[in-house]
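**Q** Would you mind keeping the following structure in view while I ask a few things?
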């Protein structure tokens, strides 16, 4: 049996009772934290909560040695843990599908993810369009996909959730400041008037924690603002309903 369980967003207290129950029964627990990470806790605390040791797998082992994990689940009960919800990342979906192809029982335990946590903004979830990711620019690598996604969503009046790059192995987490700066750099190159320093955006910091940060304002006023510890994400609002306008006014710190 393969149990795919999410750990939630912030700390070990996000672990569900269902996950705790299955953790007691399984033979071995694996986890990956390269797609996302819980910044409010430590591996020791997670292991203490589950009362079992956890073997952490790096990107290469998850993406290129998936069969080893799946084959082990033929004869043993294996738990695979991820931050957020276990079925958000395409890689995790592939693991579940391949396991089922081999006749292995798959149990999926859902958990809070950024897609549920953005409800804290008061923006209507059904008005979000395609999600995009802003990555750290590298030499000869500066994808403009986020710009195109935002442009297409705005045409339809949709909000855009921009996830920010995580390089957990380097303990490097893109800040909202860096994400906004990247969007302005793409605009400077494309000149299609999708984003400007006058564009009003929302920033969510430490979603899922007891004290998340909610900030709203023009990009020019947010570029040098201290959003404090990660993880951050950026939302480019589309057409706003009056209730959403009230949410941005009263639920957010307006910069």
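Including glycine, each Cβ sits where the backbone N, Cα and C put it.
Pulled these features from Swiss-Prot for this protein:
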type	residues	note
BINDING	9, 85, 88, 113, 114, 164, 207, 232	S-adenosyl-L-methionine binding site
**Q** These are the binding-site residues: 9, 88, 114, 164. Which one scores highest on other Cβ atoms within 10 Å?
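**A** Of the binding-site residues 9, 88, 114, 164, the most buried by Cβ count within 10 Å is 9.
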**Q** Where the record says 9, 85, 88, 113, 114, 164, 207, 232 bind S-adenosyl-L-methionine, what is the longest distance in Å from one Cα to another among those residues?
**A** 18
**Q** Counting across all protein chains shown, how many other Cβ atoms sit within 10 Å of the Cβ of residue 85 (S-adenosyl-L-methionine binding site)?
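**A** There are 24 such Cβ atoms around residue 85 (S-adenosyl-L-methionine binding site).
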**Q** Looking at Cβ-Cβ distances, which residues of the chain lie under 8 angstroms from residue 232 (S-adenosyl-L-methionine binding site) while being 6 or more apart from it?
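**A** Correct list: 164, 173, 174, 175, 176, 179, 203, 204, 205.
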**Q** For residue 113 (S-adenosyl-L-methionine binding site), list the number of other Cβ atoms lying within 10 Å of its Cβ atom.
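**A** Summing over all protein chains shown, residue 113 (S-adenosyl-L-methionine binding site) has 22 other Cβ atoms within 10 Å.
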